[in-house]
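Only one structure is covered here, and it is reproduced in the block below.
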Amino acid sequence: MMVMRTRCGWSSAMAASAAVLVVVVVGGVMVAPAAGELARVEHPAKEDGSLTVLAVGDWGRKGQYNQTLVATQMGVIGEKLAADFILSTGDNFYNDGLTGDNDTASFQESFTNIYTADSLQKPWYIVLGNHDYTGDALAQQSPAIRAVDSRWTSVNKSFIVDAGIAEFFLVDTVPFVQKYWNESKFDWRQVAPRDTYLSTLLTDLGDAMAQSNATWKIVVGHHTISSGCEHGNTSDLVAMLLPVLKTYGADMYVNGHDHCLQRITSIDSPLEFVTSGGGSRAWAGKFKQTSDKLEFIYDGQGFLSMQLTEAEASFAFYDVTGAVLHSWQLTKSTSTN
């Protein structure tokens with residue numbers, strides 16, 4: 001059985017060349033996972049078993065709206081915490097994604113030329129946002145884009161990053177949102193028909209989560225499930241995705257879409273909803289109600305760090321000065337996964 005894989009043993013010195021995916025290939029073509037499987041990227045934790053991840057979303061504005069300030073502090077914190085990789089929660093290129101896999105100027109102006117710190121020369125694992133879908137929605141998975149900057153790792157619209165102690169289930173949430181299907185500007189190639197795409201994705205996600213032995217199961221998507229910021233809850237995800245997360249024991253759902261930083265705890269499960277959508281333009285003063293418990297909210301720019309071990313996980317939000325806005329810890333029994 002062939003599964004798309006890459007093994008990433010990273011240092012900043014080797015990132016430029018080593019970030020190119022090493023995958024199963026036949027005749028130079030990337031082989032898709034077997035039916036019923038999400039693509040999988042293997043990224044081992046550090047030798048001591050720990051893992052550090054940064055997460056940022058809604059950033060791609062060619063350095064404007066404090067994107068460069070957020071990037072600078074990500075570099076500082078990334079070095080301090082020895083970040084292993086970065087998660088992007090989507091809306092990577094405003095306003096309408098990339099025009100194609102030859103749109104290297106936009107790609108470099110919003111990504112390569114912004115996130116220049118040595119500590120950020122690590123793999124970036126990518127989900128798409130709604131703004132990415134209004135351009136060429138396939139471009140960001142193209143080898144041509146990855147050839148421009150080998151940190152860029154978007155092997156499929158949904159895939160798994162397997163770090164041993166943690167598995168990150170990256171989910172393509174844009175097709176879930178019914179109202180987008182009434183707008184002609186969205187690029188639905190390789191997605192339509194919607195019902196078939198979503199049914200397959202949810203089945204594959206549920207199977208992968210059920211089979212996971214990771215201590216931490218973290219699901220990453222662009223759209224909110226539970227949110228107290230401008231967009232509020234996404235009803236389509238509440239109806240379709242949330243039950244899978246609860247059934248198969250997700251510890252956390254990390255998203256963007258709302259241009260804020262927030263932490264919400266579920267009122268009826270151990271699940272936490274964490275928004276890291278402060279990569280550039282923020283929406284000051286725009287709030288909505290959610291039925292879950294709002295633990296923290298910040299209507300400005302910033303990003304998230306995660307430090308994971310088998311026994312505990314520490315999280316923190318940072319602003320554009322690098323100040324810690326909110327931090328918290330979760331623990332796990334070392335006798336169970």
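Using the three backbone atoms N, Cα and C, a Cβ is placed for every residue, glycine included.
Here TrEMBL flags 52-260 as domain 'Calcineurin-like phosphoesterase'.
Positions annotated as Fe cation 1 binding site by TrEMBL: Asp58, Asp91, Tyr94, His259. Counting only same-chain residues at least 6 apart in sequence, those with a Cβ under 8 Å from the Cβ of His259 (Fe cation 1 binding site) are Asp58, Cys229, Glu230, Gly277, Gly278, Ser280, Arg281, Ala282, Trp283.
Sequence-distant neighbours of His222 (Fe cation 2 binding site): residues of the same chain at least 6 apart with a C-beta under 8 Å from its C-beta are Gly57, Thr89, Gly90, Asp91, Val127, Leu128, Gly129, Asn130, Thr173, Val174, Asn255, Gly256, His257. Annotated Fe cation 2 binding site per TrEMBL: Asp91, Asn130, His222, His257, in sequence order.
Taken as a whole, the domain 'Calcineurin-like phosphoesterase' (52-260) shows an average pLDDT of 97 in this prediction. Excluding the listed site residues Asp91, Asn130, His222, His257, the same chain places Gly57, Asp58, Thr89, Gly90, Leu128, Gly129, His131, Asp132, Thr173, Val174, His223, Gly256, Gly277 with Cβ atoms within 8 Å of the centre of the Fe cation 2 site Cβ atoms.
Compared over the binding-site residues Asp58, Asp91, the count of CB atoms lying within 10 A of a residue's CB peaks at Asp58.
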